[in-house]
Structure formats: structure tokens, C-alpha cells
Amino acid sequence: MTSLNQRKDRLEFNKLQKRLRRQTGSAIVDYNMIEDGDKVMVCLSGGKDSYTMLDILLSLQQTAPIRFELVAVNMDQKQPGFPEHVLPNYLAQLGVPFHIIERDTYSIVKEVVPEGKTTCGLCSRLRRGTLYGFADEIGATKIALGHHRDDIIETLFLNMFYGGKLKAMPPKLLSDDKRNIVIRPLAYCAEEDIAEFARLKGFPIIPCNLCGSQENLQRQAVKEMLHAWERQFPGRTETIFTAIRNVQPSQLGDLELFDFVNLAIDKTATAVEDASDACAVPNWHRPAQEEVVQYVDVLDIH
């Protein structure tokens, strides 16, 4: 019985690994994230996402039709209790080239951010600036971050609800100074899959003592909302992500993205055969009453 369970577990693990490899490979190809000769700086925090990203990239590196270099980089921010030996030991065992950057951003954050306030914003800005500079130093052509599909979707709603912007987290980004390209190879991967993969692989997870135990209330609220939607309407998360990749500016309202001001009638265009029916909603498109109730429930956001 134990042998049977082990074979079943191995089969499930193989399916999960193949799915993550396929999704990561698709994202890399779709956005041309990694090119021949690239030196990719893989940013490791010690969390499940970055461990999974490195593992999958190492696997893809063996079979990719192009040659690229991977260099792991961790930033030791001098947080109390940070286990400095964990990542060096892990990376040395893998045989992966790595660098540990030591920057005492912890003291800066604690000095600047009032007690009880979320430190994530300032902490990430300080970390980003350091990583950008270090990428220049080592000649990295791409900076890989471990954000996944759920991070991207949550960021979309955070910006909508709290920032008044239709803005998410792009799979590929040119930095403001145009000196660095940031890639997110796990952009197509679900957090649930990543968490399970990390558990099965037994990665030596390092908790963040600075912000990991500090609940980011806004992001947590959005995460819970999305989980509730997914339970009630399975597949909704993937549909939202599909929408992020299928933007139609003419159906929104941003004057910078679409020239609404200069819209003009073109009488030479082919006319609709029966203009009286052009704006009618066909019966097949009319939702059933129970469907209407469901959509109203979805909008009841507290």
C-alpha cells in the first residue's frame, strides 16, 4: 500500500512539475524574456516563489534551444534572526553561482516607518534599487523576480481599489532608467501550484521577520476576495488573468490610450444591413435571471 501511495505521489509531482515547466516556458517565449547569451540574475528571497523559480529555470536551462547563464542573488537586509547560512549552503550544494549582497535596509525601514505601519513599500523600494545597481555590476542582462499569476491579479485589484488605476504587474518590464529589464517567469503559474511544489521539494524556506509576520491588510483583503470568487465560480481567477492580457482600449475611457476626442463618422464605411437591429441584444446573449443574480453578488465588495 505504501509503495502504491509513493507511486501515486510521484505521478502527481511529475504532473505538477511538468505544468510549472510548461507555463514558465510559455511565459518566457510569449514575452521573449530570455534570449541567447543572456545573463539572468535570479533574485532569491528564501521564499517558496523564488526557490521554485530558480528550480524551474535550472531545469529549462538544460533543455532550452538557447544558451543562457543563471546567477542567483540574495540580499541580506540584516533582519534580526536571518539565517545567513541557509541560502549559501543550498546554492553551493546545487552548484549554482551566487552572490549575497549585504545591506542594512532593516535599520532604515525601522527608523523611517512608524510603528505598526506596513514596511513592505519602503523595503521593496530599497531592495529594488540595490538589485538594479548590482545587476549593472555583474553584467546581468535580465533580472528575474518570483512574482506569479496571483500576485499579478492581486496587484490589479489593489491599484483599482486603492490607487484608481487600471494597472497590474507586467511579465516583462523596462526599468525607468532603461538600464535593466525585469522578467517574471512565473507569471502564468498559480500560487497554489507553487506552494505545493515547494512543499514537495522541501525547500529550506526563510520567513521574513520584517514583514512576513506583518499582515498587509489591503492585499490580504483582495486575496480573500479572489479566493471567495474562485470557490463560488471556479475558473474566475484564470479568466481575470486572461482579461489582463486582452485589453481593448476603445472600450475603456483613457484619453491617452485611445483618441475618443477625434472620433468621426465615416459614411463610406460598409453599413450594417438592418440598422434597427444593430443595437439589439440577441436572445442567445441574454443571461438567465439566476445568472444576473450571480453577477450582482460578485459586485458586493466590502
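Each residue, glycine too, has its Cβ placed from N, Cα and C.
Feature annotation (Swiss-Prot): of 21-26, 45-50, the stretch labelled motif 'PP-loop motif' is 45-50. Taking H, G and I as helix, E and B as strand and the rest as coil, DSSP gives the motif 'PP-loop motif' (45-50) the counts 3 helix, 0 strand, 3 coil. Outside the motif 'PP-loop motif' (45-50), and at least 6 residues removed from its termini, the chain residues within Cβ reach (under 8 Å) are 74, 86-87, 145-148, 186, 191, 194-195, 198, 203-206, 208. Restricting the average to the motif 'PP-loop motif' (45-50) gives a pLDDT of 94.
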